[in-house]
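A.B. asks: What follows is a structure written as structure tokens; I'll ask about it next.
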Amino acid sequence: MERGFLKVSERRDDYLDQIKWKFSDSLISLLIFIPLLLALLVPLALLLGISSLPISTTLENINTWSILVPYLLQVGVTLGLVWFFAIKLRRARWSELGLRPYGIFRSLLLALAAFIFIFASNITYRLIASRFIPMEDLQGRVSKVILSGRVSLALLIPIVIFIAPVVEEIFFRGFVYPAFRKKMGVVWGILLSSLVFALFHFEPYQIPPLLVIGAILAFIYEKTRSLLPVIILHGLNNGFYMLVLMVFMKVTRG
């Protein structure tokens with residue numbers, strides 16, 4: 001059992017030490033996620049006549065439907081995998097996946113403090129990386145979609161700020177991290193689950209900042225045993241990111 005700053009709680013009712021699903025459940029979910037998503041997405045896209053998807057390297061044919069349909073399917077696959085392996089197969093409760101109450105005021109303070117650190121680390125990374133990587137390549141797919149003006153912000157705002165944080169935190173912090181933690185311990189569990197979180201965004205140049213964000217989110221979950229603070233932090237980070245892009249778009253386009 002690890003000591004010091006990352007000391008694991010020794011309470012007998014600590015559900016993180018007694019999770020019902022296994023490391024293999026999380027690993028299988030990660031391995032089949034993309035094949036399963038594509039197996040459902042490609043036929044659906046053909047059926048609906050969607051000619052371009054968010055995974056496309058070009059934005060020429062991107063539109064509201066080509067964003068909305070794949071994303072809703074991704075949400076379904078993500079939560080479906082968690083439900084099948086944790087709830088259905090292992091008889092876990094949603095509360096064991098971190099959907100537990102935590103003081104809203106404490107959650108906000110914690111999220112704000114962590115956000116300041118994330119913001120500073122992200123700015124530092126961009127200042128360093130921009131010396132070696134073209135700024136256009138440092139922009140993620142979401143940035144390019146927003147700046148293209150081809151997709152309604154009324155659609156993107158709830159997805160990016162509200163839906164994505166909830167779904168991603170249930171999967172990566174609520175489901176994946178505890179299994180990694182049980183198998184490898186707190187430190188390696190945080191590091192490797194954060195790496196998986198970063199890799200699953202499929203943004204090569206965004207891996208370092210995403211790794212930092214993932215580690216902070218996992219650390220907060222480790223300390224609070226609740227997804228509420230990390231969902232708020234995730235939403236705050238995404239919301240600020242979108243606000244900056246919207247201001248930039250307005251300034252550059254007059």
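Even glycines carry a Cβ here, placed using N, Cα and C.
Reproduced below are the annotations present in TrEMBL:
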- 27-48: transmembrane segment (TRANSMEM)
- 68-87: transmembrane segment (TRANSMEM)
- 108-128: transmembrane segment (TRANSMEM)
- 148-172: transmembrane segment (TRANSMEM)
- 152-239: domain 'CAAX prenyl protease 2/Lysostaphin resistance protein A-like' (DOMAIN)
- 184-202: transmembrane segment (TRANSMEM)
- 227-248: transmembrane segment (TRANSMEM)
A.B. asks: Restricting to the domain 'CAAX prenyl protease 2/Lysostaphin resistance protein A-like' (152-239), report the mean pLDDT as a whole number.
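C.D. replies: Value for the domain 'CAAX prenyl protease 2/Lysostaphin resistance protein A-like' (152-239), mean pLDDT as a whole number: 95.
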A.B. asks: Any chance the transmembrane segment (148-172) and the transmembrane segment (227-248) have 3 or more Cβ pairs under 8 A, given the pairs are 6 or more apart in sequence?
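C.D. replies: Between the transmembrane segment (227-248) and the transmembrane segment (148-172), which are separate recorded stretches, there is contact, as judged by 3 or more close Cβ pairs.
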A.B. asks: By DSSP assignment, list the helix, strand and coil residue numbers for the domain 'CAAX prenyl protease 2/Lysostaphin resistance protein A-like' (152-239), in that order.
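C.D. replies: Helix (H, G, I), strand (E, B), coil: 79 helix, 0 strand, 9 coil.
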